[in-house]
Amino acid sequence: MKAREVNFDGLVGLTHHYAGLSFGNEASTKHRFQVSNPKLAARQGLAKMKALADAGFPQAVIPPQERPNLAALRQIGFTGSDQQVLEKAWRAAPHLLSAASSASSMWVANAATVCPSADALDGKVHLTVANLNNKFHRASEAPGTERLLRAIFRDESRFAVHGALPQVAMFGDEGAANHNRLGGDYGEPGLQLFIYGREESGALVPARYPARQTLEASQAVARLNQVDPQRVMFAQQNPAVIDQGVFHNDVIAVSNRQVLFCHEHAFLHQQALFDALAEKVPGFTPLVVPAGAVSVQDAVETYLFNSQLLSRDDGTMVLVLPEESRRHEGVWRYLNTLVAADNPISELKVFDLRESMANGGGPACLRLRVVLTDDERQAVNPAVMMDDTLFTRLNAWVDKYYRDRLTQEDLVDPQLLREGREALDELSRLLSLGNVYPFQQ
């Protein structure tokens, strides 16, 4: 059956700030306490969505979550009115107020793992919410993510949204950022490749930074998503690159249809993995970047692999990159060599996403890929699909509510909380979401 990939991009939230919350993510740590610009961040994300929609790639939006997350602060012992909770957290533990105010839900590659209907035993599209167990500021996203996904993928005859795995280290799950799908046409059954960083009894783990995804979590997600067992493989990411800042697989590899674009050091036992993929995926095309051309450090700094690989109707592919890749002489030289060579990648598209990039999130982090047939696409909440009207409305909404400067000190301001709730109340109507936010209950 004919199907297309729809990219659902996360809309940056009003509390986007730099707090260095993500140990193992070097950009996040490097830009700690810098001044952020939430308005610019949201506009940069919207510009990418609209440009890709205009280029013929179906595009939709996932709204931000309510932040500061007062329920999370109350759960860890801060009491009183909303304003008192903010003030007590700020005085006692500003890093916890930062965590509860994080706009990290913008990186929807970590929202869920998706199984297209062609790969599922029951013929439905499945989405399993990620628990993001490794980081407090992200683990609190799961309930909000589930509500938002249910408001977008409402038709239970076509879509199955599953809640997150248990919030324990054994089932640490980071969503689609550690998941690749390979195959032919999108509507045909494909092969799902789950990438993990550690397993419960395994000795091979990184030494410096945490491995956030477990094999046990990947296996559980595959079961929940009803992936045909004949169409799934599990592979371990190279622990050495995790220690160099590759905290998710989408920082060192990206796949699309038959192509896997990755670094020479991306996977443990990489050649054996490629041999297995070649047996299962007709026309499997690994495009491997040698360390001599691009080091792991340069890949992390430029987010060369945190890119989007998109298919045109003629079978060629477009690689969507952050501006940082163009500014690095060696990486840009390599990319131009790649495009000139005999492979499906025929064009580079570059976007300025520096507000997101400074927190460690590139083009791939900002999107959740969902393969949908025409009928399934018709069943998605139509209000979230990107077009001229939605683009204009969302930009006007951002201009109305977002600040152009935010520091950690601003998070205690009760006016920021009020602005956020007013904005999200309006957004929930604009996107026909219903009452999805806690303050609306």
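Glycine is treated like the rest: Cβ placed from N, Cα and C.
Classification of ARG138 (substrate binding site) by DSSP places it within a helix. Marked as substrate binding site by Swiss-Prot on the basis of sequence analysis: 19-28, ASN110, 137-138, ARG212, ASP250, ASN359.
A 10 Å cutoff on Cβ-Cβ distances gives GLU174 (active site) a total of 31 other Cβ atoms nearby, all chains included. In the three-state DSSP classification, GLU174 (active site) falls within coil. Annotation comment: Swiss-Prot describes GLU174 (among others) as active site.
When other Cβ atoms within 10 Å of the Cβ of HIS248 (active site) are tallied across all protein chains shown, the result is 29. HIS248 (active site) falls within neither a helix nor a strand when secondary structure is assigned with DSSP, and so counts as coil. The active site annotation in Swiss-Prot covers HIS248 (among others).
The active site, nucleophile annotation in Swiss-Prot covers CYS365. DSSP gives CYS365 (active site, nucleophile) a coil state; it is part of no helix or strand.
Distance from the CA of GLU174 (active site) to the CA of ASN110 (substrate binding site) is 5 Å. Listed in sequence order, SER102, SER104, ASN110, LEU132 are the same-chain residues six or more apart from ARG138 (substrate binding site) with CB atoms under 8 A from its CB.
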